[in-house]
């Protein structure tokens with residue numbers, strides 16, 4: 001109800017400053033009775049996916065709470081799952097500012113954040129303090145200064161540290177803002193990474209006597225042939241799920257709008273159709289052999305339903321949450 005007024009004030013600020021201000025307030029009320037102000041009552045709509053029981057099909061996508069600072073505050077809003085990160089082995093500042101831009105007319109965002117985060121050890125400490133009752137996903141990536149050829153070592157190091165605390169682990173190989181990262185989506189590089197991840201997963205399962213599923217997050221900027229190859233690799237390596245999709249480099253729907261020429265990944269409404277089409281193609285290729293988590297431009301009940309009709313078992317929001325506020329969570333969970 002009040003979000004349009006809050007949004008109006010926040011949108012007067014630079015996008016990253018607005019984000020930092022909001023997170024400071026959320027962090028401040030976490031663990032206090034004031035968290036009740038954020039609590040939304042949503043119906044239970046259980047979904048079984050990747051061997052896990054989600055209390056409802058709506059999740060928060062990675063990138064909003066990179067360091068796991070506000071898990072409980074965000075959880076109070078009714079999400080069935082929250083994906084924190086992307087986190088890297090070592091802290092890194094990310095790219096130079098400004099690096100986040102609103103395309104207000106299109107309800108889109110362009111970001112070139114560059115995996116800015118305080119490192120995996122810091123994230124684990126924050127996760128330990130949280131009390132979220134839903135499924136917590138931890139999204140992992142590689143440090144910018146780690147050569148792509150050695151990138152798998154970063155993923156394995158993160159897996160080692162987050163395994164005990166994650167409901168599932170998301171492997172981010174599709175951000176456009178870390179040089180060379182998307183090359184890990186193809187051919188031998190992908191097979192090599194997935195084989196190493198499955199070996200590490202088996203080793204950690206034995207060590208912790210608990211199986212934590214692994215999902216791979218892919219880009220929307222893939223040809224049909226590339227998508228077929230990726231689907232084949234995911235099935236062959238028995239990956240537990242696929243998150244489709246990350247942000248796009250395509251600007252065709254925002255041409256001529258303010259900030260459209262900024263480099264980085266575009267998310268929000270302009271990504272909606274593109275990501276849904278990837279999900280549709282992926283679903284046709286996978287034939288139910290592994291589940292799809294649909295993300296990209298979901299800003300309404302209809303957009304969420306479209307993702308699920310295209311083949312997604314679960315859906316996630318991020319940009320729509322920025323533009324529509326917490327009410328979107330309740331609306332989607334109530335009607336999906």
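Backbone N, Cα and C define each Cβ position, glycine as well.
Taken verbatim from Swiss-Prot:
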BINDING   62, 63, 64, 65, 66, 86, 139, 172, 217, 245, 268, 297, 318, 319  FMN binding site
BINDING   66, 111, 112, 113, 114, 115, 172, 177, 246, 247  substrate binding site
ACT_SITE  175  active site, nucleophile
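Feature annotations (Swiss-Prot) mapped to structure.
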residue	record	DSSP class
62	FMN binding site	coil
112	substrate binding site	coil
139	FMN binding site	strand
172	substrate binding site	strand
217	FMN binding site	strand
246	substrate binding site	coil
268	FMN binding site	strand
318	FMN binding site	coil
Q) Roughly how many Å separate the Cα of residue 318 (FMN binding site) from that of residue 246 (substrate binding site), to the nearest whole number? A) 11
Q | Residue from 66, 139, 175 whose C-alpha is spatially nearest that of residue 112 (substrate binding site), among the recorded positions | A | 175
Q) Do any residues at least six apart in sequence from residue 172 (substrate binding site), in the same chain, have a Cβ closer than 8 Å to its Cβ, and if so which, in order? A) 62, 85, 86, 139, 140, 141, 181, 217, 246
Q.
Let me spell it out: for each of the binding-site residues (66, 112, 217), count the other Cβ atoms within 10 Å of that residue's Cβ, using every protein chain shown. Which one has the most?
A. 217
Q. Can you list the residues of the same chain, besides 66, 111, 112, 113, 114, 115, 172, 177, 246, 247, whose Cβ falls within 8 Å of the substrate site's Cβ centroid?
A. 63, 86, 94, 175, 176, 178, 264, 265
Q. Do any of 64, 114, 268 (binding-site residues) have a CA within 10 A of residue 175 (active site, nucleophile), and if so which?
A. 114
Q | Intrachain C-beta neighbours of residue 64 (FMN binding site), sequence separation six or more, cut-off 8 angstroms | A | 74, 318, 321
Q: Taking the Cβ of residue 268 (FMN binding site) as the reference point, list residues of the same chain whose Cβ is under 8 angstroms away and which are at least six residues distant in sequence.
A: 103, 106, 107, 108, 109, 297, 299, 319, 320, 323
Q: Determine, to the nearest whole angstrom, how far the Cα atom of residue 114 (substrate binding site) is from the Cα atom of residue 66 (FMN binding site).
A: 11
